[in-house]
Amino acid sequence: MEKIKGIIFDLDGVITDTAEFHYLAWKKLADKLDIEIDRDFNETLKGVSRTDSLERILAYGGRSDDFDAQEKVEMAEWKNEVYKEMIEAITPNNILPGIESFLKELKEAGIRTAIASASKNAEVILRSLGIRDQFDYVVDAAKITKSKPDPEVFLKALELLELSADVCIGVEDAASGVDAIKDAKMRAVGIGDAEILGRADLVLASTASLQLKQLQNID
Ligand code: B16
Ligand code: MG
């Protein structure tokens, strides 16, 4: 590909592992609703917005029609309060392996960076991790109208970076996020399981393997 000029990162599952906190908070709510969810089901919630996640959980438990709009808002808020309490414990120790050195490598190479996250808690999390200033832009759920797999969050990041899709790479841990990157016409790097992230141009088992040289070789 052309020389890389920008890299756009998902937050949850790429920069830090908040997926487990999301899962535990949703599980607490699901337990109250007598809906049984497990970690496999949680895979389908990664990268999915808070309200869409709730709808998926209710559908999974066959309870989609049991609550009105106001009750759903309250349930989503309740989950978020539980989640916010959990993420208070986040410190720079929660940055995923290899991310800090990779960001340093990008800075030295003059490559611009942004975050593209479906989370409304993205800014708080980045500040707790102590790395907010290392990204040129943060595009989070507050700045977009359509959540992943819609490409909007990545397109917005491209616009802010003033870069075209063909010189940028997106990094994601969720299938919905890889779809969003590909539909934004960018190259996608998946972090995790190749079976789940099949549409990605390159799948790495862990963030520890992120290296600019390897990304530069993606066709
Ligand atoms: P919040 P990402 C996503 O973040 C999470 O993967 C997803 O599980 C979560 O439901 C969504 O953010 C919304 O998060 O409830 O904090 O607004 O992976 O796009 O960074
Ligand atoms: Mg993610």
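Glycine is treated like the rest: Cβ placed from N, Cα and C.
In TrEMBL, annotation is done automatically, which means it is predicted and not curated.
From a predicted model like this one, the values you see are computed outputs, not experimental measurements.
Features as listed in TrEMBL:
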BINDING   Asp10, Asp12, Glu172, Asp173  Mg(2+) binding site
BINDING   10-12, Trp26, 45-50, Ser53, Lys79, 117-121, Lys148  substrate binding site
ACT_SITE  Asp10  active site, proton donor/acceptor
ACT_SITE  Asp12  active site, proton donor/acceptor
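Features per TrEMBL, on structure.
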residue	record	DSSP class
Asp10	Mg(2+) binding site	coil
Trp26	substrate binding site	helix
Gly47	substrate binding site	coil
Ser117	substrate binding site	coil
Glu172	Mg(2+) binding site	strand
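Note: the Mg(2+) site is recorded as Asp10, Asp12, Glu172, Asp173; in the same chain, Phe9, Leu11, Gly13, Val14, Lys46, Gly47, Ser117, Val171, Ala174, Gly177, Ile191 also have Cβ atoms within 8 Å of that site's Cβ centroid. Among the binding-site residues Trp26, Arg50, Lys120, no residue is found with its Cα located within 10 Å of the Cα of Asp10 (Mg(2+) binding site). Candidate binding-site residues: Trp26, Gly47, Glu172, Asp173. Those with a Cβ under 6 Å from ligand 1, in sequence order, are Gly47. Long-range neighbours of Asp12 (Mg(2+) binding site) (same chain, six or more residues apart, CB within less than 8 Å of its CB): Thr18, Ala19, His22, Lys46, Gly47, Ser117, Ala118, Ser119, Ile125, Asp173. Taking the binding-site residues Asp10, Glu172, Asp173 in turn, the residue surrounded by the fewest other Cβ atoms inside 10 Å of its Cβ turns out to be Asp173. For ligand 2, the binding-site residues lying close by, meaning a CB under 6 A from one of its atoms, are Asp10, Asp12, Gly47, Asp173; the full candidate list was Asp10, Asp12, Gly47, Arg50, Ser117, Asp173. Considering only the binding-site residues Arg50, Lys120, the Cβ with the fewest other Cβ atoms within 10 Å is that of Lys120. Note: the Cα of Lys120 (substrate binding site) and the Cα of Glu172 (Mg(2+) binding site) are spaced 17 Å from each other.
Separating the Cα atoms of Trp26 (substrate binding site) and Glu172 (Mg(2+) binding site) is a whole-number distance of 21 Å.
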